Amino acid sequence: MRITDAFWSFVTFDIGIDLGTANTMVLVKGKGIVLKEPSVVAVNKRNNEVLAVGNEARRMIGKTPANIVAIRPLKDGVISDFDTTEAMIRYFIHKVHQDYGGILKIARPRVVIGIPSTVTEVEGRAVIDAAKSAGARKAYIIEEPMAAAIGAGLPITDPNGSMVVDIGGGTTDIAVISLGGIVVDRTIRIAGDEMDQDIVEYIKDKYNLQIGERTAEESKIKAGSVVPLKEELQFEMKGRDIISGLPKSINVSSVELREAILPTINKIIDAIKDAIEYTPPELLSDIIDKGILLAGGGALLRGIDKYVSEKLKVPVVISDDPMACVVIGTSKVLDEIGLLDKVQIKEEDII
């Protein structure tokens, strides 16, 4: 280790970031996952002042004066608002250093960030620039399905094929990986957020009830399923009656939620089929033997592995910790310089 590297390892952290549309997770090397907060920034429209980030900003949604807005700085997995993304990354970097480093650590880390596999050059550059502007000493980016595969412990450098489907909030990333590279990739901007919107529209059309996306997401988590359940679940929804304008609550079943989200699930399956059609036969044989790995929050939907397997006639497995696969993978590559050099999207490739 060079003297400069030894110095920086003493005074700052190495961190991996899963910069998601819905949530951001941060893992500090040697300490594990230390932060999971909503990817939300509260901003004063009058002067563009950042008032809150993460959990505090999310608590303000729908409860603030008109001049205060809650912004999701990432849309469909990529930066839609550079300044608020920079502010959010800066907040998370400083928070983990303050909470876990005290006065001994300064916020000048090496950072690895997972991004969708089909981002444009401009989008990739924006992530690197935002991280560096937020205080990162060095910033690297790797494709989220690659990070998920590494985080799940798949043998990504072997000559055998592995298929990963990462169903996040804003995007679903699909990749076939072999010899440390992505052979086939697909990214569709259809994922968990789309399912939430499906539920909002379904409830509006069927019950004349206006609910928020947070309520829709909560119902999906607590009662959502992709296949029939032995005992179907119920979820109480509270919202505003569209006709009377008054508060109203209803009980919705998992059968109804399934009806709402299945069209989006089927779009994801169509994208997986498309990736399979372009996969070389030799690698496809490996995938049939080992199965498809599901990661991301969407992998937690009840019965999704069974449903996808039935539709594709291929085994499907859910990673041990689907929500954390990407951030674990970003951290692992910091431990292995050779692996980082092999899998990162190099800066010179996106200039």
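These residue numbers are counts, starting from 1, taken along the chain as shown.
Heads up, the Cβ atoms here are built off N, Cα and C, so glycines get one too.
Cβ neighbour count for Asn23 (ATP binding site): 19 (other Cβ atoms within 10 Å of its Cβ, all protein chains included). Among the features that TrEMBL reports, ATP binding site is placed at Thr21, Ala22, Asn23, Gly169, Gly170, Thr171, Gly297, Gly298, Ala299, Leu300.
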If the ATP binders are Thr21, Ala22, Asn23, Gly169, Gly170, Thr171, Gly297, Gly298, Ala299, Leu300 per the record, what's the largest distance between their Cα atoms, in Å?
17
Let's check the environment of Thr21 (ATP binding site): how many other CB atoms sit within 10 Å of its CB?
23
Gly170, Gly297 as binding-site residues, winner by CB count within 10 A
Gly170
Neighbourhood of Ala299 (ATP binding site) by C-beta distance under 8 A, where only residues 6 or more apart in the same chain count
Ile167, Asp305, Ile318, Ser319, Pro322
